Amino acid sequence: MKIFLLLVAVTLVSGKQIGTSNILQFNSMNACSVGISYSQAISDYLGYGCYCGFGGSGTPVDETDKCCETHDNCYKAATSNGCSMIDRYTIEYDYQTITGSDGKCQITCKAQADYDANDQDAQCKAFMCNCDREGAECFAKKRPTFNPKYIGWSNLFCWW
């Protein structure tokens, strides 16, 4: 809830619209990749360990949490790839998910070159989509390390 309120406040100040932000898109990618519902993806990963959710510090609790640490680092690198701080959380990008006959989800991000030539956010959109795609693919790969005891993990445990 704090993340949502922060985004609303920053959005009002910046004049950008939240719409279907990439936070929601990232969760959709997670649900598809891991093979769980959208609501379960939220409850499983928001606030998981030391890095899943807003912020992050300390040592990741497991491989799933390392996926979040890597995803956080990708978001930090976004400012060097055409994104403002608010864009990292609100910009909408284009992607497709296809679930194959094997039940596995394949995510494809629209390439920067495939956006309209006048789209000044094309570089940021492509970069953020790939951050989220890589994060979702990591969650799927590391799902066996997921441990429900780390849902809602207190950040106080992350400072040790």
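Cβ from N, Cα, C; glycine included.
Here TrEMBL has Y51, G53, G55 binding Ca(2+), and the candidate from D44, D62, D72 in that same listed site is D72.
Here the candidates are C105, C109, C138, C158, and TrEMBL names C109 as the disulfide partner of C129.
TrEMBL names the disulfide partner of C131 among C67, C68, C74 as C74.
Only one of C67, C68, C83 is recorded by TrEMBL as the disulfide partner of C138: C67.
Of the cysteines listed (C32, C68), TrEMBL assigns C68 as the disulfide partner of C52. For C52 (disulfide bond), the count of additional Cβ atoms within 10 Å of its Cβ stands at 25 [all protein chains shown].
All protein chains considered, the CB of C124 (disulfide bond) has 22 other CB atoms within 10 Å. Its Cβ placed at the centre, C109 (disulfide bond) has 21 other Cβ atoms within 10 Å.
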